[in-house]
Amino acid sequence: MPVKIPDDLPAAEILESENIFVMSETRAANQDIRPMKVLILNLMPNKIETETQLLRLLGNTPLQVDVDLLRIHDKESKHTSIDHMNNFYRDFEAVRQKNYDGLIITGAPLGQIEFEEVSYWDHIREIIDWSQQHVTSVLFLCWAAHAALFHLYGLNRNLLEQKRSGVFVHRRTTQHFPLLRGFDDEFLAPHSRFAEMSLEQLKAHPELQVLTESDTAGAYMVLSRNNRNLFVMGHPEYQKSTLKDEYHRDLEQGLNPDVPQNYFRDDNPEKEPVARWHGHGSLLVSNWLNYYVYQLTPYNLDDMSGITPWENKQ
């Protein structure tokens, strides 16, 4: 949250140069406050686990967040009861005419399938297109990030010979950016995917900006220049045991997976994993919710045209 300071306080310029969020008394006095409305399209097999992971991150902010859960209406969930889906999830037709402050679209275990061959690809495209007019900011995670980059910008992913699984070092590619406030120069983040986007094509695209990257895992955080779409190529929401659970699942299925890198203590799968990404994962979602949702969204959700002062400086 911002530090409120007197108008024209000399420290303001210094703090802003250090990427510290300050707000003048005048702006603070005119700021309307209400709960943020966030929609989550949950494509992961274990709905309840993913709900919990995302709500844990959304709940770790000073903002009140009202959450709606969205499903693909004609896709049966094999790992979650129909009662749970009917009780807590909405079909797209129930939200089509609504506007939201934020939308999160999760990953999905579809990394080796061409986008057009995904059974519900048309529904994904429809929701992405809808979001560009009805949502202030969209956070795409892992597979959803690849899918949206393909659909919105025509960028293709490259399939990997072996699943990329582990916790990798990333670095900032820019210093003064609202989304990166509080980030260390280097930080850790988990990945679990069968494909990657070319770092070169992402950097070359005039409508995109790469904010963080890894020598091993490639691009991690990519933001559209209109600030509406944030593409995160990994899983900041993963809990400590998620990569371990996926590894043992793949072993049981005879897939001969590599041991997740930099994850188990001493890289020994017989030992417990070490979670070293939760702090930055929480900060990522908190910064997105604050700077790209709360500070940007209009008080009246019928009007989706508002911009923040820092946008004018980009």
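Here, residue 1 is simply the first one shown, and the rest follow in order.
The backbone N, Cα and C atoms fix where each Cβ goes, and this holds for glycine too.
Look at Swiss-Prot and you will find C142 tagged as active site, acyl-thioester intermediate, backed by sequence analysis. Long-range Cβ contacts of C142 (active site, acyl-thioester intermediate) within its own chain (separation 6+, distance under 8 Å): T106, G107, A108, H191, S192, R193, V232, M233, G234, H235. The DSSP secondary structure for C142 (active site, acyl-thioester intermediate) is coil.
As annotated by Swiss-Prot, active site, proton acceptor applies to H235, with the evidence given as sequence analysis.
Taken from Swiss-Prot, the feature active site applies to E237. Classification of E237 (active site) by DSSP places it in coil, neither helical nor stranded. A sphere of 10 angstroms centred on the C-beta of E237 (active site) encloses 29 other C-beta atoms.
Sequence-distant contacts of K163 (substrate binding site), defined by Cβ-Cβ distance under 8 angstroms and a gap of at least six in the same chain, are G111, S192, R193, F194, D250, P257, D258. Sequence annotations record features per position, and here Swiss-Prot assigns substrate binding site to K163, S192, R249.
The Cβ of G111 (site 'Important for acyl-CoA specificity') has 19 neighbouring Cβ atoms from other residues within 10 Å, across all protein chains displayed. As annotated by Swiss-Prot, site 'Important for acyl-CoA specificity' applies to G111, with the evidence given as sequence analysis.
According to Swiss-Prot, the feature site 'Important for substrate specificity' maps to S192. Packing around S192 (substrate binding site) is summarised by its Cβ count: 21 other Cβ atoms lie within 10 angstroms of its Cβ, all protein chains included.
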Exercise. Max Cα distance spanning K163, S192, R249 (substrate binders), Å?
Worked result: 13
Exercise. Across all protein chains in the structure, which of the recorded positions H235, R249 has the highest Cβ count within 10 Å?
Worked result: H235
For this session: Using the recorded substrate site (K163, S192, R249) as reference, state which further residues of the same chain have their Cβ within 8 Å of the centre of those residues' Cβ atoms, listed in sequence order.
Result: S165, L243, E246, Y247, D250, P257
Exercise. How big is the Cα-to-Cα gap, in Å, between E237 (active site) and R249 (substrate binding site)?
Worked result: 19
